[in-house]
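First comes the structure, then the notes that go with it.
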Amino acid sequence: MIKTLVPQLHFAVSHVKPCIQLARNPNYFKTEQSSNDYISSLCKQGLFKQAVEAFDSLQKDSNFGVKPSTYAHLISACASLRSVEHGRKVHHHILANSFKQDMILQNHVLNMFGKCGALKDARKVFDEMPERNVVSWTSVIAGYTQHGQESDAVKLFLTMRQRDVMPDQFTFGNVIRACSSLSSIGLGRQLHALVIKSECGSYLIAQNALIAMYMKFGQTSDALGVFSGNALKDLISWSSMIAGFSQLGYELDALDHFKEMLTHGVYQPNEFVFGSAFSACSNLLQPEYGRQIHGISVKFGIGRDTFAICSLSDMYAKCGLLCSAKTAFSQIDRPDLVSWNAIIAGFAYSGHIDEAMSLFSQMRHLAWSPDDITVRSLLSACTSPVTLNQGMQIYSYIIKVGLDLDVAVSNTLLSMCAKCSDLCATFKMFYEMRSNADSVSWNTIFTACMQHNQAGEVFSLFKMMLQSQNKPDYISLANVLGACGEIASLETGNQVHCFATKTGLKLEASVTNGLIDMYMKCGSLGSSSKLFYSIESPDVVSWSSLVVGYAQFGYGEEALMLFEKMTSSGIRPNQVTFIGVLTACSHVGLVEEGVHLYNTMKTDHGVAPTREHCSCVVDLLSRAGRINEAEAFVNQMEFEPDIVIWKTLLAACMKYNNAEVGKRAAENILKIDSSNSSAHVLLCNIYASENSWIDVARVRSLMKQRKVKKVPGQSWIEVKESSHVFVSEDSLHPERDKIYLMVEELRLQMLDIWYFSISSSPLKYSEQVYPHHTSIEAMRYRILIPVPCTRTMCIPGNKGSVPSLL
């Protein structure tokens, strides 16, 4: 097939040469007919620039008359060149020669102005036309659609229908594309109905536009219905289906359609079809499929196409085959900026920052100027303090070329700094860019505070954001609610809840789920449950938050009942749900049920167990006193036991006086963290319970050598919008006397309640001493029961007060 094209190509080239030679001497043509023929001939051969230059030379002759067909060719040449300047010259010449009434010629002018983006000129010509046909209307609608004025395109289409002008397939194709850009699914369905009613229902242009529209809206079943109903299909039909499925995450459907297209043997896939197929393979992480399609692309002669190779290289990189990605990239003769960005992003997102930096250097050596996409890809690979050096090199380059003025680049820099450096450096960078900050910038600094365990700082930042020109979105509120849960600030959480309700952000699923989780962490189970049951269709996150909350506060039976309701409602549990369920089983002593749930997680629910689930099982067995079984479970785990698992086992050994297993657990903790204070203390207690005082002395001496100090427990209370933190046996708190007096008063009140409950109804003892909520709401001040905590609190402000947000 390629051989047969060679003579034709040679013929075309040899035919062009004389015409190019003649173009240098337009005065060669003496007659009007020959001049018109000459210009028309140049246009037909695609020599548009020479045709326009010839027209400029010939129009100086007052005797030169242009025929309507020549005008049409010249207008088409200006449209192809996208030269509105030359187009206006030709249009003025048409008007001067009294061809204003020629509707066909005016339609050519409309099309030219539309393609050149001169929409005001096109609309003026359209409005002044004494007579219009469907081509006239379609030309202006197409111009609006192609240059981002989709609303005007739809309005003109509606006016067209009011004038009883019947659209053709080109009109429908353009207005459906405009509807896609406007994201109006309702209007799109109306247009679909109109297409079916019209005579254009079976034409490919309208059908292909409908397929692309439905795919853009994510309505795959509707797109498939239009595609299947087409008796005739072309490459655009197949390409729209394959690309749509690939972009929407239906990769296997995309590859099935690609295979079906090849089976027909009629359609030859182009570089865009192969690009979509490679993208589907990369999302599936299936390099074998990609290799097969790579071979097919070579057979079809597209193996060296720049667009296809970019997608191929990206696919290999995402699948971890970096050598193949680099080999594919090297096959591009002249890689452009997009190609360089693709290969650099492939290595960067795979975590190979050194190789990505090497490619970046090669790119600059070849005189290519990196853009914002290049540097953002490189910065995204800097995700730990180890890569801070490379991140700062990229930062220096960004400052040098002025890319720091780009807000998206600045936001990526801020994210890099939060991951690789400390919070002080991140705050410094944020304040430097604060004048140009957008909502993404604020959300990034919120996330940075949460990553660095400084939840208290989020409140001050949120108050600053409310005073800025940027308004909080659902991501901002999710971060603030997370901070409220971290420090158990129920008062602030209530304020954020009111703000979310007033602004309408409460309707966002992530905000509602954040509120449920916040109320649970603050101990307000009633508020959390009320909010949950107010949701029309709670998702897996909503269910999981409630299950985990009930489990952590000791309501194991309620948590298990919720889990049963969740699964019977058709909601598939996730990893977080099972953490809550296993914790619930542990708290209520349902050992066999918990072990059974763990064993059936993957087979029945498709959830692979993680280290956290293993830790829950260890806690389940340890609480029940089955220490040896717990140790055996730890030894046969697929994961390397972490410090949390060993500490869980060690605490149980201390409770059940299992010194032998306790020693092994403590030794494993000290192997992981030699300065862990709790392991040293518990090990001392175990030796003391066996009267092994020599070993006790040895461990205490080891603690002194390693300078290990026991971290005191911390608690906090919240009174009248203020949070106060104190430590165990605190003697430095400025209000310590009042605190200990209140604690003693509480103790005496609880003893009175206990004595009264024992005397009257011993069976209701637990209900009276421990109410449903963890907060004692009957008191004059709302005081949270102090809970020992090993984490360090970050209290915003100078005196530990939580500022009012609203």
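Including glycine, each Cβ sits where the backbone N, Cα and C put it.
Marked as repeat 'PPR' by TrEMBL: 133-167 (among others). DSSP states for the repeat 'PPR' (133-167), grouped as helix (H, G, I), strand (E, B) and coil, give 26 helix, 0 strand, 9 coil.
The feature repeat 'PPR' is assigned by TrEMBL to 234-268 (among others). Tertiary proximity for the repeat 'PPR' (234-268) is limited to same-chain residues at least six positions away from its ends with a CB under 8 Å from its CB atoms, namely 204, 207-208, 211-212, 214-216, 218, 220, 223-224, 227, 276-277, 279-281, 283-284, 289, 293, 296, 300.
Each residue in the repeat 'PPR' (336-370) gets a DSSP state, and the totals come to 26 helix, 0 strand, 9 coil. Residues or ranges marked as repeat 'PPR' by TrEMBL: 336-370 (among others).
Here TrEMBL flags 438-472 (among others) as repeat 'PPR'. Looking only at the repeat 'PPR' (438-472), the predicted model's pLDDT averages out at 90.
Same-chain residues lying 6+ beyond the ends of the repeat 'PPR' (539-573) with a Cβ under 8 Å from its Cβ atoms: 509-510, 512-513, 516-517, 520-521, 523, 525, 528-529, 532, 579-581, 583-588, 590, 605-607, 774. TrEMBL lists 539-573 (among others) with the feature repeat 'PPR'.
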Secondary structure composition of the repeat 'PPR' (539-573) [DSSP: H/G/I, E/B, coil]: 26 helix, 0 strand, 9 coil
Secondary structure composition of the repeat 'PPR' (234-268) [DSSP: H/G/I, E/B, coil]: 27 helix, 0 strand, 8 coil
Structural state census, the repeat 'PPR' (438-472) (DSSP three-state): 25 helix, 0 strand, 10 coil
